Amino acid sequence: MGKSFSSNKKKDNVGETKRDKNIEKQLVTEQVKLENEVKLLLLGAGDSGKSTISKQLRIIHQLEFTKKERMKAIDQVKNNIIHCSRVLIEGLENFGYEFETEKNNDICKHLITLRNEKFDDHIEDFISIWNDAGIKKVLERKNEIQLYDSCEYLFENIKRFGEENYIPTDQDILMTRVRTTGIIETRFQYESSDFLLYDVGGQRSERKKWIHCFQNVTAVIFCASMSEYDQGLFEDRNKNRMAEALMLFGEICNSRWFADTAIILFLNKRDLFEEKIKKVDLNVCFEDYEGGCNYENASEFLKNKFISLNQVENRNIYTHFTCATDTDNMKHVFENITDFILSNTLRDVGQN
């Protein structure tokens, strides 16, 4: 009996040792995988379109939005429309304009305090306000108010949003503004390589949290809005958004944390910039700009403004003109930058 007990004990020890080795092997494999993971840090000022880019990445790599995320987006869509309505009504009052009809004057008193749960009961009221001649005059001065870029899209689709069984589409989620707080991680695969994208809150109050993402980053993607050269910040309306983006890019580009890191610049909202530059000269922001209301001249000038801030020798800034809400455009851009990052990574490995 003693021999049998001893034999069983030896078998147990062998089994435990085998399990330990398997666990150890698994841990080593996971560690190697983490070390080889390509880490991308997505930075930029608030309202630059960073979060939209992060969402696009999920769509491009077929990382479906969950049912829970889509249900949450219903409230976000409604919140966005309520916010835009308030901003437009406040703009009407601040600019000294009036509603076209007394009816709309009465409607605005209800909309200014409206909550999400009552949204569906006021669809026609929102439409009436949106179509008012006074509001159209406010929209001509939208650069002077804090209006979401997606405002027109939201109001054009408002009847659909009010339907009983409404579920947000991918495009609805892309066009919905949700302020990023903290850090959002998105993992995806490309060419058999694992990527991890960090999206960090853009407003001034969020920037101190970026430090946690800085170590071992393969590349920084900096997102700047091209179209906001005549607009004030969400946090400080007296400060120009383009000036803020340039200042922030200079800080990131020349930070000691990124001395050996690839920097990729997304000049975003290309579509909005192309329309605005026809009417608003870039010299409202840059006195040294002399290219007139011409997209090619203005976009090249902006690109050079950002690139000139780089003080790191032998570093190229890889620039892309982007439209974050355009899936085809972003798919092409992401293929380019991931190919670039992988080729650089392989080259660095070969040199070591």
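Each residue, glycine too, has its Cβ placed from N, Cα and C.
Heads up, TrEMBL stuff is auto-annotated, nobody curated it.
Listed features, source TrEMBL:
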- Ser51, Thr180: Mg(2+) binding site (BINDING)
- 149-150, 174-180, 199-203, 268-271, Ala324: GTP binding site (BINDING)
- Message: For the binding-site residues listed here (Val178, Ala324), tell me which residue's CB has the most neighbouring CB atoms inside 10 Å.
- Response: Ala324
- Item | Neighbours of Thr180 (Mg(2+) binding site) among the binding-site residues Asp149, Lys269, Ala324 (Cα to Cα, within 10 Å) | none
- How many Å separate the Cα atoms of Lys269 (GTP binding site) and Ser51 (Mg(2+) binding site)? 13
- Query: How big is the Cα-to-Cα gap, in Å, between Ser51 (Mg(2+) binding site) and Asp149 (GTP binding site)?
  - Reply: 14
- Task: Counting Cβ neighbours within 10 Å across all chains shown, tell me which of the binding-site residues Asp149, Asp199 comes out on top.
- Result: Asp199
- Out of Ser51, Thr180, which has the highest number of nearby Cβ atoms, where nearby means within 10 Å of its Cβ, if these are the binding-site residues? Ser51
- Message: Below 8 Å Cβ to Cβ and six or more residues apart, same chain only. Which residues does that give for Met175 (GTP binding site)?
- Response: Ser150, Tyr153, Leu154, Thr325
- Cβ neighbour count (within 10 Å, all chains shown) around Lys269 (GTP binding site): 26
